[in-house]
Amino acid sequence: MSLLEQLARKRIEKSKGLLSADQSHSTSKSASLLERLHKNRETKDNNAETKRKDLKTLLAKDKVKRSDFTPNQHSVSLSLKLSALKKSNSDLEKQGKSVTLDSKENELPTKRKSPDDKLNLEESWKAIKEMNHYCFLKNDPCINQTDDFAFTNFIIKDKKNSLSTSIPLSSQNSSFLSLKKHNNELLGIFVPCNLPKTTRKVAIENFNRPSPDDIIQSAQLNAFNEKLENLNIKSVPKAEKKEPINLQTPPTESIDIHSFIATHPLNLTCLFLGDTNAGKSTLLGHLLYDLNEISMSSMRELQKKSSNLDPSSSNSFKVILDNTKTERENGFSMFKKVIQVENDLLPPSSTLTLIDTPGSIKYFNKETLNSILTFDPEVYVLVIDCNYDSWEKSLDGPNNQIYEILKVISYLNKNSACKKHLIILLNKADLISWDKHRLEMIQSELNYVLKENFQWTDAEFQFIPCSGLLGSNLNKTENITKSKYKSEFDSINYVPEWYEGPTFFSQLYLLVEHNMNKIETTLEEPFVGTILQSSVLQPIAEINYVSLKVLINSGYIQSGQTIEIHTQYEDFHYYGIVSRMKNSKQILETNTKNNISVGLNPDILEVLVKIHNTEDFTKKQFHIRKGDIIIHSRKTNTLSPNLPNTLKLLALRLIKLSIQTHALSDPVDLGSELLLYHNLTHNAVKLVKILGTNDISINPNQSLIVEVEIIEPDFALNVIDSKYITNNIVLTSIDHKVIAVGRIACQ
């Protein structure tokens with residue numbers, strides 16, 4: 001065969017082979033699609049069956065392995081313990097059956113479930129039932145609930161009773177031991193297995209000890225029991241029934257107030273002012289002697305006492321008022337003195353109140369300014385020392401008290417409804433032999449200051465030269481008859497012929513008569529009193545009484561009425577009943593008179609008050625001070641219909657002041673510390689605000705409204721908001737220079 005034939009044959013065979021392959025391929029595609037689907041399904045089933053068999057086999061093997069050893073506290077996890085308790089018995093049985101059936105069908109060699117596994121499942125169910133049974137019987141007295149193994153012991157005891165007849169002893173003991181160990185794992189103290197044995201033992205011992213909270217509670221209980229043992233319970237005496245406070249006590253005497261006021265003597269208050277050693281006390285003492293207020297025998301006793309003192313600073317008339325040992329030794333007045341005069345030498349139905357004030361700069365502000373504000377006198381008596389160089393020193397010295405006094409009294413005169421009167425006594429005229437030229441020079445200088453600087457008119461002031469030691473020009477000798485015999489204390493009434501003016505007493509007499517035309521006290525005025533002096537008496541039959549010296553600033557008071565005493569350092573106030581009242585005098589001799597039933601403005605009375613024994617009042621804590629305020633009980637108005645009930649009492653720490661400044665050497669800035677004088681009190685305050693302006697300082701000669709705050713923390717200023725009370729104040733610097741005078745703006 002040729003080469004071409006062979007090649008052709010190969011091509012034919014090749015084409016036949018390709019055709020048969022295509023046919024077979026197409027037939028296989030059409031025929032094997034279903035077959036391939038069946039094959040794939042069988043393959044997947046086989047794979048899933050194999051995987052399922054493998055998983056079941058692994059689970060079965062794992063169960064067999066877990067049943068080969070006894071679980072302990074450290075190998076069994078908490079999740080396995082909880083899962084064993086949560087699964088139901090039926091689920092476990094079904095799972096077991098499904099596992100055995102699948103293993104038989106697949107003919108895989110697996111181990112059968114051991115009887116120990118079945119026993120463990122049954123014991124788990126029994127344990128759950130026993131736990132429920134224990135919870136139901138937990139109140140059984142045979143169970144010690146404080147024991148950590150109470151539950152396990154209960155189960156063991158119950159098992160012994162239930163299985164003693166049916167289970168052999170060996171299996172019973174092993175079952176109980178395994179159950180106890182299982183319960184210990186659930187309810188015992190967990191300690192990591194990797195710890196040493198000694199550490200585990202110490203940890204368990206620590207948990208068995210009391211906790212820190214238990215230790216604290218035990219200590220508290222022991223302390224309480226100890227105090228309870230030491231407690232001595234005594235029978236508490238019954239509290240005494242306190243007398244209820246009657247706020248509607250009527251007066252002890254029924255008096256027609258209208259007729260009493262109409263016949264009551266009218267008073268003129270005269271306040272003596274001046275520099276130290278100006279002779280105020282000597283002059284006033286001699287005047288009291290001339291007014292028959294001091295007897296001859298008393299004067300001789302005083303003369304003996306004054307003979308032992310320095311004659312340059314003391315005399316018989318001076319020691320009448322300087323009646324304390326300190327004042328007599330120092331030779332100058334230190335305290336104010338108040339004298340009330342009521343005798344036949346005065347006009348009918350009139351009284352005279354004389355007030356002596358200290359002139360020393362150390363006591364000037366404390367006593368003098370408070371006296372001016374408290375007593376609000378109708379007459380100011382300015383005593384001037386006319387001796388050579390004395391007048392000039394008083395003007396040129398660093399503390400020009402005369403000018404400071406004129407600042408205060410001039411403002412009060414300008415803003416008072418009733419104009420004041422000023423008497424200027426040119427004292428010690430005998431030491432200059434009544435030098436007319438010198439007396440006129442002093443008078444001219446003061447006249448200019450009063451008119452130009454302080455706007456006094458000629459009718460409001462009067463100059464009177466005199467001698468307080470000799471009594472010259474104090475009073476005419478023929479008007480007073482003390483004795484038919486002459487005395488060494490009688491006035492030497494030497495007055496030069498060129499003087500044609502009045503004597504001091506004659507001028508007072510005219511002012512007393514003029515004062516009788518003033519408006520009388522009305523029933524609308526509320527009763528307000530200022531305590532000048534306080535003393536606590538010994539309790540009488542367990543009833544507390546206090547004796548008070550009271551200045552009546554407004555209205556009237558009757559014996560038997562209930563009053564309120566308001567202190568300035570405490571938040572509470574006292575209630576009391578006025579037991580009795582009598583006129584007060586602060587000189588050596590006092591005429592003993594019967595008690596009075598009514599006190600009027602401006603009387604100074606000694607008042608005995610019965611204090612209600614409230615909780616705030618004790619014998620050791622009784623605080624009534626000078627400057628405290630007495631008012632009518634504001635709840636009384638039924639039994640005494642005439643009593644006013646419109647009084648408003650304010651306790652202020654932040655105070656608004658309407659002031660008039662004077663000539664100042666330096667402006668007073670905000671935040672500066674000042675002294676505020678009001679009635680008998682003076683307190684340090686801080687300048688807080690200047691109202692109505694953007695200024696940050698107080699300048700001279702300004703009318704301002706300012707706010708000040710009291711620095712002392714426990715003090716509140718008692719202020720009466722009434723048109724009958726003036727509430728005048730004085731502001732001074734720390735070195736006692738008068739800065740401004742004004743009044744408290746209550747509104």
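Glycine is no exception: its Cβ is also placed from the backbone N, Cα and C atoms.
What Swiss-Prot records for 14-51 (among others) is region 'Disordered'.
Residues or ranges marked as compositional bias 'Polar residues' in Swiss-Prot: 21-31.
Per Swiss-Prot, compositional bias 'Basic and acidic residues' is recorded for 35-51.
Per Swiss-Prot, phosphoserine is recorded for Ser88 (among others), and the stated evidence type is a large-scale study or a structure entry.
According to Swiss-Prot, the region 'Disordered' annotation covers 89-117 (among others).
What Swiss-Prot lists as phosphoserine is Ser90 (among others).
Per Swiss-Prot, domain 'tr-type G' is recorded for 265-503, and the stated evidence type is sequence analysis.
Annotated region 'G1' per Swiss-Prot: 274-281, in sequence order, evidence recorded as sequence analysis. Each residue in the region 'G1' (274-281) gets a DSSP state, and the totals come to 2 helix, 1 strand, 5 coil.
Under the three-state DSSP scheme, Ser360 (GTP binding site) falls in the coil class. Taken from Swiss-Prot, the feature GTP binding site applies to 274-281, 356-360, 427-430.
Residues or ranges marked as region 'G2' in Swiss-Prot: 331-335. Taking the region 'G2' (331-335) as a whole, pLDDT averages 74 in the prediction.
The annotation region 'G3' is assigned in Swiss-Prot to 356-359 on the grounds of sequence analysis.
Annotated region 'G4' per Swiss-Prot: 427-430, in sequence order, evidence recorded as sequence analysis.
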Beyond the flanks of the region 'G1' (274-281) by at least 6 residues, Cβ under 8 Å: 313, 317-318, 320-322, 332-333, 337, 356-361, 382-385, 390, 394, 401-402, 405, 427-428, 468-469
Structural state census, the region 'G4' (427-430) (DSSP three-state): 2 helix, 1 strand, 1 coil
Number of Cβ atoms other than its own within 10 Å, given for Lys280 (GTP binding site): 29
Neighbour tally for Ala429 (GTP binding site), based on other Cβ positions within 10 Å of its Cβ: 27
